[in-house]
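A quick write-up on the structure given underneath.
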Amino acid sequence: MLLLGILTLAFAGRTAGGSEPEREVVVPIRLDPDINGRRYYWRGPEDSGDQGLIFQITAFQEDFYLHLTPDAQFLAPAFSTEHLGVPLQGLTGGSSDLRRCFYSGDVNAEPDSFAAVSLCGGLRGAFGYRGAEYVISPLPNASAPAAQRNSQGAHLLQRRGVPGGPSGDPTSRCGVASGWNPAILRALDPYKPRRAGFGESRSRRRSGRAKRFVSIPRYVETLVVADESMVKFHGADLEHYLLTLLATAARLYRHPSILNPINIVVVKVLLLRDRDSGPKVTGNAALTLRNFCAWQKKLNKVSDKHPEYWDTAILFTRQDLCGATTCDTLGMADVGTMCDPKRSCSVIEDDGLPSAFTTAHELGHVFNMPHDNVKVCEEVFGKLRANHMMSPTLIQIDRANPWSACSAAIITDFLDSGHGDCLLDQPSKPISLPEDLPGASYTLSQQCELAFGVGSKPCPYMQYCTKLWCTGKAKGQMVCQTRHFPWADGTSCGEGKLCLKGACVERHNLNKHRVDGSWAKWDPYGPCSRTCGGGVQLARRQCTNPTPANGGKYCEGVRVKYRSCNLEPCPSSASGKSFREEQCEAFNGYNHSTNRLTLAVAWVPKYSGVSPRDKCKLICRANGTGYFYVLAPKVVDGTLCSPDSTSVCVQGKCIKAGCDGNLGSKKRFDKCGVCGGDNKSCKKVTGLFTKPMHGYNFVVAIPAGASSIDIRQRGYKGLIGDDNYLALKNSQGKYLLNGHFVVSAVERDLVVKGSLLRYSGTGTAVESLQASRPILEPLTVEVLSVGKMTPPRVRYSFYLPKEPREDKSSHPKDPRGPSVLHNSVLSLSNQVEQPDDRPPARWVAGSWGPCSASCGSGLQKRAVDCRGSAGQRTVPACDAAHRPVETQACGEPCPTWELSAWSPCSKSCGRGFQRRSLKCVGHGGRLLARDQCNLHRKPQELDFCVLRPC
């Protein structure tokens, strides 16, 4: 009756997307030369030393030959296990023998096969062969003491296959949302098909990938933590079980389909014997992840050079984890957090040996990989099959290509962008540590108990090696249930056969060796990214000569090279607009779907406040506002990184180039602004201003063509706020900086017809305005003096081109040496202006009256008279065109509210609140009482927030 119920419900419980799994009892045969083909039950790692081993497993009408060697790659030299909390009965510390348990290899000499097994306590682990996965584990009495063992060494082999067609749309088993973020968009941008539009006359986009273009081995130093529920469930076998999972995950990351040499290295295992020893674990996956991340951060070492420092941490628990909408969640991690000590972590719900795939999946998220079904992936690569590692359902894995093209592209971009630099430090020395197939260690019954709890048994009539169906109870009746994973690799599926990659395979072709990858020849250079003005061409090579196989190393070294092309200036460059300006202008009229901007918005490049890492993004500001956005993840190749730099952007990375536009060139502008010049084609102009009047004072007029401009205003007695501020006007008299009695306290970049001037802001003891390249428009420098009228000290210098045929005899040398004139008089090092005779009458201005406003926009007046040489008033005698102004704007800036960032939300779900602090800040950064700021315009200090529904 019980059997009938199982049969009925096994068919009723079948889900779309795959047939029932298969299983078979097998007896592994060791075929080493010293064994001579007899049936042999593995006693332990001491039997072989460091020699290779060969096992034959016959199952599912096939022979599987596992050619195994010790594998040391997934355990660090300083690997250790630590127990925290009160010891549990029956649990002992890890044995050093575990270091020699794990082996890896291949199956039947298939290029895409793999084997990862443990040889301690029986043959247990997993292997993959011809698209199927196999899990092998000893039957219960097979791991008994030697005197009680089954003389035949019986093992259970399970297999599951790769789906041949659509698999339906099962619920996602991952707690990470299948959305996209700007980093994913940036990573996939090079793959996107280009449409006709902006830049075709001046640029042509290329297809391809890579930024830093170098394939470098990465070592992911990993902390593995098991909570109290894991300790109670697995007992003394826990450490071996965890390492079996990590061994399989490490093998997946060494597969060449990921296109990068990545090594998962375990540096420490922590076993938590009681709840108080570790982080708080609940059914809320997001909260558990947050608790674990904070907990592991406190335990980690400060220095990355410490042998027990970890780059990422993984928590395993038997707690049923729930995501935002379902409790089918098997894991959760924050996306793109590798090398972030506070957030590089993941949480895994243990459901048996398939947790190895969940581990690899969640680590993929930490490496910034999204799910394969995100819209951006599908737009670039088409609809991807649901049998890759980053499928949200994670039901079937294509062992021939476990990583999709989208995942490989994104992790490559992530590493090339510098986000994985903490992974470059290599463990101090290699240790020969084994790697095994999980099916060699765990029977089919044990796999069911690991997945569904004590007492769960394999369902009868399963198809070998495909989905693992196990018994359970629902509403008092016996049912068959599955988590859509196959039998563990290495599970026996017939005489001379075992499960591998979900299929039952035979053993043959034993002498299969590891193949390291090697670079193929360089492809030809692609098209130039621009038709003029300096573009870039790329050439790449692939790791296909040969492709890595059987756990071999991925290629190391430069994978993409580049060169400059089409360096002749563009005809439209006379307009003075830079190529970056044109790229921003292409978005004019696009209001970014926000009501802050109108459809008439005009976009200009943003330079100030942009971090060096973001210089090759197209960051544009809405002209006349403070709003700015990333309008494109990368500028067109060949765009200057900044107006005062000769470096250019290549695939989103700033690459050094010469002033001639050639990548790798060492040519530089001299102080005259001449590319490759010798500093002899210009003359230096210097000056000093020290005696101002209240308001704006003329300092110097800088002609067009001036270069190496350096203007400095040193604060009175070293003070930061001495009430003297540099100001700048263009040739039309429009203020470009600190006009109308409004000054900038922060650093700013001013772009004037393509030339960049860097302003230090007023918050420094030495206020400066500098430009290295020649300016294309005459500018006027002034100094604004207010307040206590402390004397300014403005020094300026710049270089002007020499006259082509300058007659030095017409300018006799001043016996006093180079002239340095003061107070608003332009001076040349080889020329002195003679003062004009004083006219008989001149304008005389009185002192300024009080300001009409205490702060903000006020006015003040003064008397202006025309007086003769004797001081009498002679109104008609003065030139009206030179009459001084009688009225001017005045008033210091009013105190303003200074805001801090919002605090985190007080609740992880549901309605919470967040705060921020307010300060009333006066002119010069002085902290004032709140009532001195406009209370009617006081920003909000407290607000409600909802991170997600509970």
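Any Cβ shown, glycine's included, is placed from N, Cα and C.
Site annotation (Swiss-Prot): Zn(2+) is bound by HIS361, HIS365, HIS371, and the candidate from CYS174, CYS565, CYS570, CYS584 recorded at this site is CYS174. The recorded disulfide partner of CYS345, taken from Swiss-Prot and restricted to CYS293, CYS322, CYS327, CYS377, is CYS293. Swiss-Prot lists a disulfide bond between CYS406 and one candidate from CYS377, CYS448; that candidate is CYS377. For CYS422, the disulfide partner named by Swiss-Prot from the candidate list CYS322, CYS327, CYS339, CYS504 is CYS339.
Per Swiss-Prot, the residue from CYS448, CYS493, CYS499 that shares a disulphide bond with CYS470 is CYS448. Secondary structure at HIS365 (Zn(2+) binding site), as computed by DSSP, is helix.
DSSP classifies CYS422 (disulfide bond) as helix under the three-state reduction. Here the disulfide-bonded residues are CYS345, CYS422, CYS504, and the one whose Cβ sees the fewest other Cβ atoms within 10 Å is CYS422. When the recorded positions CYS174, CYS293, CYS377, CYS448, CYS465 are scored by other C-beta atoms within 10 Å, CYS465 scores highest. In this structure the alpha carbons, written CA, of CYS528 (disulfide bond) and HIS371 (Zn(2+) binding site) are 33 Å apart. If you count neighbouring Cβ atoms within 10 Å for each of the disulfide-bonded residues CYS459, CYS470, CYS493, CYS565, the highest count belongs to CYS493. Candidate binding-site residues: CYS174, HIS361, HIS365, HIS371. Nearest to CYS345 (disulfide bond) by Cα distance: HIS365. DSSP states for the domain 'Disintegrin' (428-515), grouped as helix (H, G, I), strand (E, B) and coil, give 12 helix, 34 strand, 42 coil. Along the domain 'Peptidase M12B' (218-427), the predicted structure has mean pLDDT 89.
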